[in-house]
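According to Swiss-Prot, the N6-(pyridoxal phosphate)lysine annotation covers LYS59, on the basis of similarity to another entry. Among the features that Swiss-Prot reports, pyridoxal 5'-phosphate binding site is placed at ASN85, GLY185, ASN186, ALA187, GLY188, ASN189, THR314.
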Amino acid sequence: MYKGLLKQYASYLPVNEKTPDVSLMEGNTPLIPLLNISKQLGVQLYGKYEGANPTGSFKDRGMVMAVAKAKEEGSEAIICASTGNTSASAAAYAARLGMKCIIVIPEGKIAHGKLAQAVAYGAEIISIEGNFDDALKAVRNIAAEEPITLVNSVNPYRIEGQKTAAFEICDQLQNAPDVLAIPVGNAGNITAYWKGFCEYEKEKGYKKPRIHGFEAEGAAAIVKGHVIEEPETIATAIRIGNPASWSYAVEAAEQSHGEIDMVSDEEILHAYRLLAKTEGVFAEPGSNASLAGVIKHVESGKIKKGETVVAVLTGNGLKDPDIAISSNQLDIASVSNDIEQIKDHIKGVIMS
């Protein structure tokens, strides 16, 4: 029986006899063959569906490690800045270990589905003026001066936990893919995947993939080469204008012979709808930066026909239900409560 990440990959993680045995059964997420989109693009495309994690995003991988180590080291409280997914994950694992969780969010810039999770898990939530980068600056200063552990991706234990997704992909494919496509926000995850692939190459002899990272155009600090003071994109999970792991992300792309590129909101929304309507997979907008990037790079020839590609789908579509409604035409038929009229309407739908 699967026992969670800290047990599954203990030999690759900084755990010892003092590390709390904590898990919400994070990890072990499906690698879904995206058969219909594969046919359209001429590649072997898979989606690593991180929305299947306990709080609905990849953050659980790093958070179980970071919060467990915080508890091991005697901390009774954790703090983070968040656009949503980090807050949900931090609050869940803090609740599991009986710790206090303080979350600082940018006012009015967090999806309701994510905020609802943090509230349900009992976190203390503080809203401040500004954007995510302002919130991160604040919590870094507080954690440096107060007895509270910072659990944003600048915490190295987060990277240790998140690298396990690379292990899983290799285990599921029995090799690494040719290309890993991944959204880039604060840039911790791309860093973690590269670390994981490098470790598995040394341990098991698997090849390393080319890493293609994708920022949202309105928050593409790395691609544009400068901090974006007021980042704006429909993809709230990657609406970050000054990535904390900027240099590590660039290293991952360069060392893997990949690149970091950007995709527009229009490309993200196209991928978002395509994934749901042709594959039955519902991932939040930020997740679809990876798929949008795959489409862009196949069309430009940067991803070759026939290559094996894994697109990391970082979060569940239920995280941001407002976008699901606003980006699709909500056409609800109004029919009287008469069985024949209902049947006639259904026949019309089937025949259309």
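Keep in mind that glycine also has a Cβ here, set from the backbone N, Cα and C atoms.
The most crowded of the binding-site residues listed here (GLY185, GLY188) is GLY185, judged by how many other CB atoms sit within 10 Å of its own CB.
Comparing ALA187 (pyridoxal 5'-phosphate binding site) with LYS59 (N6-(pyridoxal phosphate)lysine), their Cα atoms are 12 Å apart once rounded. Note: ASN85 (pyridoxal 5'-phosphate binding site) has non-local neighbours THR55, GLY56, SER57, PHE58, LYS59, LYS114, ALA237, THR314, GLY315, LYS319, i.e. same-chain residues 6+ apart with C-beta under 8 A of its own C-beta. Across the residues the record lists as binding pyridoxal 5'-phosphate (ASN85, GLY185, ASN186, ALA187, GLY188, ASN189, THR314), the two Cα atoms farthest apart are 14 Å from each other. Compute the center of the Cβ atoms of ASN85, GLY185, ASN186, ALA187, GLY188, ASN189, THR314, which mark the site for pyridoxal 5'-phosphate; besides them, the chain residues with Cβ within 8 Å of that center are PHE58, SER153, PRO183, VAL184, ILE190, ALA237, ILE238, ILE240. Reduced to three states, the DSSP call for LYS59 (N6-(pyridoxal phosphate)lysine) is helix.
Other Cβ atoms within 10 Å of the Cβ of ASN189 (pyridoxal 5'-phosphate binding site), summed over all protein chains shown, number 30.
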